[in-house]
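Q: The disulfide bond annotation in Swiss-Prot covers Cys53-Cys69, Cys71-Cys80, Cys86-Cys97, Cys110-Cys119, Cys127-Cys139, Cys133-Cys149, Cys151-Cys160, Cys171-Cys186, Cys188-Cys197, Cys210-Cys225, Cys243-Cys254, Cys248-Cys264 (among others). As annotated by Swiss-Prot, domain 'EGF-like 1' applies to 42-81, with the evidence given as sequence analysis. Residues or ranges marked as domain 'EGF-like 2' by Swiss-Prot on the basis of sequence analysis: 82-120. For 123-161, the entry in Swiss-Prot reads domain 'EGF-like 3', with the evidence type sequence analysis. Here Swiss-Prot flags 162-198 as domain 'EGF-like 4'. Per Swiss-Prot, domain 'EGF-like 5' is recorded for 200-237. Taken from Swiss-Prot, the feature domain 'EGF-like 6' applies to 239-276, supported by sequence analysis. Taken from Swiss-Prot, the feature N-linked glycosylation site applies to Asn64, Asn173, supported by sequence analysis.
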Amino acid sequence: MWICPGGGGGGGGGGGGGDREDARPAPLCCGRCWRSGCAARPPRMCRDGYEPCVNEGMCVTYHNGTGYCKCPEGFLGEYCQHRDPCEKNRCQNGGTCVAQAMLGKATCRCASGFTGEDCQYSTSHPCFVSRPCLNGGTCHMLSRDTYECTCQVGFTGKECQWTDACLSHPCANGSTCTTVANQFSCKCLTGFTGQKCETDVNECDIPGHCQHGGTCLNLPGSYQCQCLQGFTGQYCDSLYVPCAPSPCVNGGTCRQTGDFTFECNCLPETVRRGTELWERDREVWNGKEHDEN
């Protein structure tokens, strides 16, 4: 029993290694490992029972003992193992598809005046003629006459013509920075102002935000109304009704006890759990932990 590297084995079967005279010797092998197995010399193509053609390729033998695989239409490669990449010619503008049979890949040989992977662009395209992208920018052809520049770090603009003034992050408080003609411009979030959006707007300077006698409290980028008793809402614009909506949690029922007061009637299980927590806290307070303090 012989074994070839890569799992090949058996006389005449598929195996590791390639049909090369410099194939490496393998342990437990009677000679060298070839594509067809282990033998003292390489098998002859389309002879010695070695017919490697796939995809209905036909083995053809020459008088000198060599052979090759004759591939059906749509396949190529040494063993017809690749689909013909030129079967559907992608080359445009009179370009010629050139297949690389061994790799199963193809390239386009473009007609004069055209370029691109598929010969889709004219050499009169601005990317070639005027080289519009400045400061090391890369020109990408979008169509026959349009392009887009990818700029190097530190530059911006349609043609990378401006120094990116936003690179130093000058805009504060979550504002958006844009560069126009080498200058930055900050678009501030609501509640902030200034060239760099560094100044908080004091909304409380403008009267009327809080209704029914509510007090305005300025906050960074916003404000809050502190309502008088009997009123609620963002602007103190709603009458306060203690149980609408109910403030009670865990299934408790709200009962209004006065104009501005209420009480929660809790479910028995909730009361029991609350009592257990209270008893545990009391034991901790009266026990060892309290004595150590």
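Using the three backbone atoms N, Cα and C, a Cβ is placed for every residue, glycine included.
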Q: Ten-angstrom check, please: count other Cβ atoms within 10 Å of the Cβ of Cys133 (disulfide bond), all chains counted.
A: 24
Q: Could you state the CA-to-CA distance between Asn64 (N-linked glycosylation site) and Cys210 (disulfide bond) to the nearest Å?
A: 103
Q: If you count Cβ atoms within 10 Å of the Cβ of Cys210 (disulfide bond), leaving out that atom itself, what do you get?
A: 24
Q: I need the CA-to-CA distance for Cys171 (disulfide bond) versus Cys127 (disulfide bond), whole Å please.
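A: Computed Cα spacing between Cys171 (disulfide bond) and Cys127 (disulfide bond) is 34 Å.
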Q: Take the domain 'EGF-like 3' (123-161) and average the pLDDT across it for me.
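A: Over the domain 'EGF-like 3' (123-161), the predicted model scores a mean pLDDT of 91.
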Q: Which entry in the list of glycosylation sites, Asn64, Asn173, has its Cβ near the fewest other Cβ atoms, using 10 Å as the limit?
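A: Among the glycosylation sites Asn64, Asn173, the sparsest Cβ neighbourhood within 10 Å belongs to Asn64.
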Q: Between Cys160 (disulfide bond) and Cys119 (disulfide bond), how many Å separate their Cα atoms?
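A: That separation, Cα to Cα, works out to 27 Å.
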Q: Check the Cα-Cα distances from Cys188 (disulfide bond) to the recorded positions Cys110, Cys139, Asn173, Cys243, Cys254 and tell me which is shortest.
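A: When the Cα distances are compared, Asn173 comes out closest.
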Q: Spatial neighbours of Cys53 (disulfide bond) among the disulfide-bonded residues Cys71, Cys80, Cys248, defined as Cα within 10 A: which are they?
A: Cys71, Cys80
Q: Based on Cα coordinates, which of the following recorded positions are within 10 Å of Cys197 (disulfide bond): Cys110, Cys149, Asn173?
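A: Checking Cα-Cα distances against Cys197 (disulfide bond), the recorded positions within 10 Å turn out to be Asn173.
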Q: Near the Cβ of Cys71 (disulfide bond), how many other Cβ atoms are there if near means within 10 Å?
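A: The Cβ of Cys71 (disulfide bond) has 22 Cβ neighbours within 10 Å.
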